[in-house]
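Quick look at what TrEMBL annotates:
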DOMAIN    17-97  domain 'P5B-type ATPase N-terminal'
TRANSMEM  34-53  transmembrane segment
TRANSMEM  176-196  transmembrane segment
DOMAIN    214-338  domain 'P-type ATPase A'
TRANSMEM  352-376  transmembrane segment
TRANSMEM  388-411  transmembrane segment
TRANSMEM  868-886  transmembrane segment
TRANSMEM  892-911  transmembrane segment
TRANSMEM  932-954  transmembrane segment
TRANSMEM  1001-1018  transmembrane segment
TRANSMEM  1030-1050  transmembrane segment
TRANSMEM  1070-1091  transmembrane segment
Amino acid sequence: MEEKIWKDHYVLLNKDEENELEAFGYKTQGCRRALSIAGYILSCGVLLLLFYWKPEWDVWANCVPCSLEEADVVLLRTTDEFQKYTWKKVTWIDLSTLALPVGSYSECPLVADKDSVINRAIMKPQLKITGRQQHVSQHTPQIWSWPDKGRTGNQILNPFYVFQAFTLTLWLSQGYIEYSVAIIVLSVISVGLTVYDLRQQSTKLHDLVEEHNKVQVTVCTKNEGFKELESRYLVPGDVFLLDGKKLSLPCDAVLIDGSCIVNEGMLTGESIPVTKTLLPLTESPEPWKTHSMEDYRRHVLFCGTEIIQAKSTGRGPARAVVLQTGFNTAKGDLVRSILYPRPLNFQLYRDAFKFIVGLSAIGVLGLIYTVCVFTYHNKPVADVVAMALLLLTAAVPPAIPAALTTGTVYAQRRLKKKKIFCITPQRINICGQINLVCFDKTGTLTEDGLDLWGILPSEGSRFQKIHKFPSSTPLPWGPVCAAMASCHSLVVLDKKIQGDPLDLKMFEGTHWEIEESTTAQDRAGAIDACIVRPGPNASSAPVEGIAILHQFPFSSGLQRMSVVSQKIGEEQYDLYMKGAPETVSSFCRQETVPSDFLEELKTYTSQGFRVIALAHKVLSLPEDVDVGDLEREEVESGLEFLGLLVMENRLKPETKPVLQELAAARIRSIMVTGDNLQTAVTVARNAHMIHEACKVIIVEASEPEGSAPASIAWQLAEGSKTSAAAPSVSTAKEVYANAQEKITLEGESCHYHFAMNGKSYQVLVKHFYSLLPKILLNATVFARMSPGQKSSLVEELQKLDYYVGMCGDGANDCGALKMAHAGISLSEQEASVASPFTSQIPNIQCVPELIREGRAALVASFAVVKYLTLYGLIQFVGTALLFWQLQIFGNYQYLIQDVVITLLVCLTMSLTEAYPKLAPYRPPGQLISPPLLLSVVLNVCFTIAVQTCGFLLVKKQPWYVALASWRHCSLRNHTLTPTGPGENSTSSSAQSTVLSYEGTTLWPLSSINCIIVAFVFSKGKPFRKPIYTNYVFSAILTLQLAICLFLFLADMDAVYSGMQFLCTPVIWKVYVLLMLLVTFCVSFFTEDVLLQNKHLWMLIKACVGYQSKSQYRKWQRMLQRDPNWPPVNTKDFAARSTAEVYVNPSYEHRD
């Protein structure tokens, strides 16, 4: 029974998806609710605040578990490492109360079709719907652009700010107004700026979404025919018209009539027109996606993409069926991931919270100590409470929340000057820990376009002399020229030829011209055709032109495209094909393929050239055949091999030096691209991502077939017998009988790299998951990767405890850019909305810049946290010593420490710029680490020792009296006449608690100690420039030291009376300065020579046998002990299949 109740009480939502959630049903109970309200009132709102921070406690206190069907509150919990809770109130919508009759939805339509599920439900008034949204709003992403109220509430109710408010209230009640007002102003500015940034992002996102909600579309309904609707009312299943006008698609749809030319720049980051064809009519019982296989994307119009041109067919205008709307589309998935990003689990912020908890614990000890001391002396309860709370808050500086952001704010400002923009400043600190960067290839490492290098024609099964480009003589007329002029998907838009850059370069090499689409006449009737004709600079041709009658579009799965064409004025039809060389050669008659085909191919691919093969066939078609109805499988066979098209994809000039800089800093570089494998490997070699001496092992994996299990083959790239241009998964089925070749590991530098394509990666995740970590340790090239696979790869690398950066130029990298610790977009299109960082300079120089600034910001954050900890504890120790004799520092004494010293130090310490050279190691990523903890603990010990010595030694001086009043300082005789307790009648009660020789001694010891630790903690090289380059900070430290020394040594009546000091002999002032000098020397030596000594810590680690706990380090140590790793020229089989990796289908599109 209990098991059934639990089953009804709990459900797992979005299983195996990125946004997986657990839902628990709860019902509000009246008595519990009443007790909670009483608790809110009795605790003066503290309980309510606690429930705000811990929503699960709120639900558990007010509700009892129940089935989800009966629940009025649903508790949601994420299934990731954070286990974050939220709760939502369940709203019941009674459809019988909706007064909207069926058919009267002209003003505010429920849905476009009255036969829809919702309209049918309204016809049955007894039905109810549980949910949070009515009508079809579930299909429309609603983004509000004015989140100020909620955002401000979230910021202000942050635990840091709540504690800060409590501290400031206490200090204001004690008359400490100046510092409190300064902190309040800073906090208001900090919260205001944060909310402003969030509002700007939200407004941008709102505009991005709203444009798709207000598109006017013409919908086909069963009863009313065509009608205009706003796109927000579209639901899956609606049929809408594409009337030829430019249209930004408001949904995902499948084309069922006509054809379209679409700009998919939103998805791919490249504004290349893509031709979409209608979904063919088949009698197959299989789902349309399965039947269309990997080609299904050529029938799908994705949300956010732009229709440039829509063509109708003889059956009527172009039409499409709505597949997905709102957050379920590719665009919606992008918007949702921006709205609800994966939370960052960075050690710094968790450690900072632990630091505050630790300081609070020390503060509680101080509170107990104060209560004991003041109670022992029979002080009033009000004084005991006030003083106890004062010491509690002294240990936890209220400036910590604001100070933690200063380092990132300054780093963000420096990045902006370098044309790198950041929308999530918290990630800047995380950039300081990056030790692996994934790069897209085309447009990121290499130039955007391809250049035509040459054509290697084939005739009589032999390769002829290569024709290089550019050339003084045009390409001679022949089948190769005809193939290059016609086998493409180029279109003329606004009198400009547009299309795939490869097609464009190939066509330009012929010097032919293209006309806008016209209607041509074939044997079956009129047909839309694209006409190409020889240009004035083209070689003479015996034809007037060529009409391209039908296209079989390019597919990354098929790795080829074909066109059916006809020479103008002739009856004969021709089929031309281009694609991956081994794919095209498999469709050719073998007697037409040169015997040295593979050798020639490898010659060019090994040099990094992109190679495309061309083929031709004369079609024999019946007279009444419709060219548009031809089946691809029927006509693509028995072709004649024409030759190889060689194209060059040059590296950007900045690529090689940047990758060398990252390698010198021991930061791994990985290439993740949609290009073919051999080209990617060659580019990786040319860019020195893979060094010449290193071996490359191609990992090829196959899905299980029939009774044969999944297999994985390991093959040396140099000895591969398969084509290097585009290895397919099927080649992994071959059994390699070669002897194993052993490749050794030497320390961290490996002499081998793994390379694989997306299909192999998918099989690895699905069937060889236990091998994946071993492979990822040395995998450098991932080719033919879909956007979903890129995201999955980044996530798997993060599981190995790598801090992953991702640099890409297109929105097809959006998933990976969001998933990475630091995503850097080189595109100013919508990819930049999802990416934490955007570089306006389109090369990878931004990567080391970002890492440098991240390291500087991280070190600065550590320095500020350490400084504020020391400042709080220095003040805590001094105040605690004075409390021993019921005294306290004066308001102006505190003000100098808090405003003149600490506040200015916190605002300027992080101004030091990043060191220009990347060090070969990262800064510590944890505050709770031995060097940092020792630094704090030892400096606190020095502080306690010095202040205690000063406190005790001053009591032993001959001129000391326990209770003294202020007297004029004699300029001629620096001695003080002791004043007895009985003569203290003129001093006020405030002076009696402040004026003392102990206070006069402890103030310079604590104040100048704050300046000392600020200087000592401002470490320069290797992550930041030397302290003297931070002119503002250096000047402020010098000025602060001068002010403190002046106030202490002045011997001026006005100064001493204002600061509430007592005059002391010169010799005592010399003793105090000597104590401070010793403190500085000991602190500087400890911090700079011992704690910051990298070699010393390495020696200590070696002596104690310390080993890194990072997963990738553990795997490295394990593989070093494995004599059989890596396997070479072998084949392994999967024992059993495992869970399949989730790849978001909305991100699956043409590579």
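Positions of Cβ are set from backbone N, Cα and C atoms, glycine also.
Predicted automatically and left uncurated, TrEMBL annotations should be read as such.
Given the structure is predicted, the values throughout are model-derived calculations rather than measurements.
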For the transmembrane segment (868-886), the distant same-chain contacts (Cβ-Cβ under 8 Å, at least six residues beyond its ends) come to 355, 359, 362-363, 366, 369-370, 373-374, 377, 379, 387, 390-391, 394-397, 399-400, 403, 894, 897, 901-902, 906, 936, 939-940, 943-944, 947-948, 951, 962, 993, 996, 998-999, 1002-1003, 1005-1006, 1009-1010, 1013, 1017
Other same-chain positions with a Cβ less than 8 Å from the transmembrane segment (932-954) and lying at least 6 residues past its termini are 862, 866, 869-870, 873-874, 877-878, 881, 924, 926, 960, 997-998, 1001-1002, 1005-1006, 1009, 1013, 1016-1017, 1068, 1071-1072, 1075-1076, 1078-1079, 1082-1083, 1086-1087, 1091
The correct DSSP tally for the domain 'P5B-type ATPase N-terminal' (17-97) reads 32 helix, 26 strand, 23 coil
The answer for the transmembrane segment (1001-1018), taking Cβ pairs under 8 Å and residues 6+ beyond its ends, is 863, 866-867, 870-871, 874-875, 877-878, 881-882, 889, 893, 896-897, 901-902, 905, 909, 912, 935, 939, 943, 946-947, 950-951, 954, 1027, 1030, 1033, 1037, 1040-1041, 1044-1045, 1048, 1059, 1061, 1064, 1068, 1072, 1075-1076, 1079-1080, 1083-1084, 1087-1088
Near the transmembrane segment (1070-1091) in space but 6 or more residues beyond its ends, with Cβ under 8 Å, are 931, 934-935, 938-939, 942-943, 946, 949-950, 953, 1001, 1004-1005, 1008-1009, 1012-1013, 1015-1017, 1019, 1048
Restricted to the domain 'P5B-type ATPase N-terminal' (17-97), the mean pLDDT of the model is 84
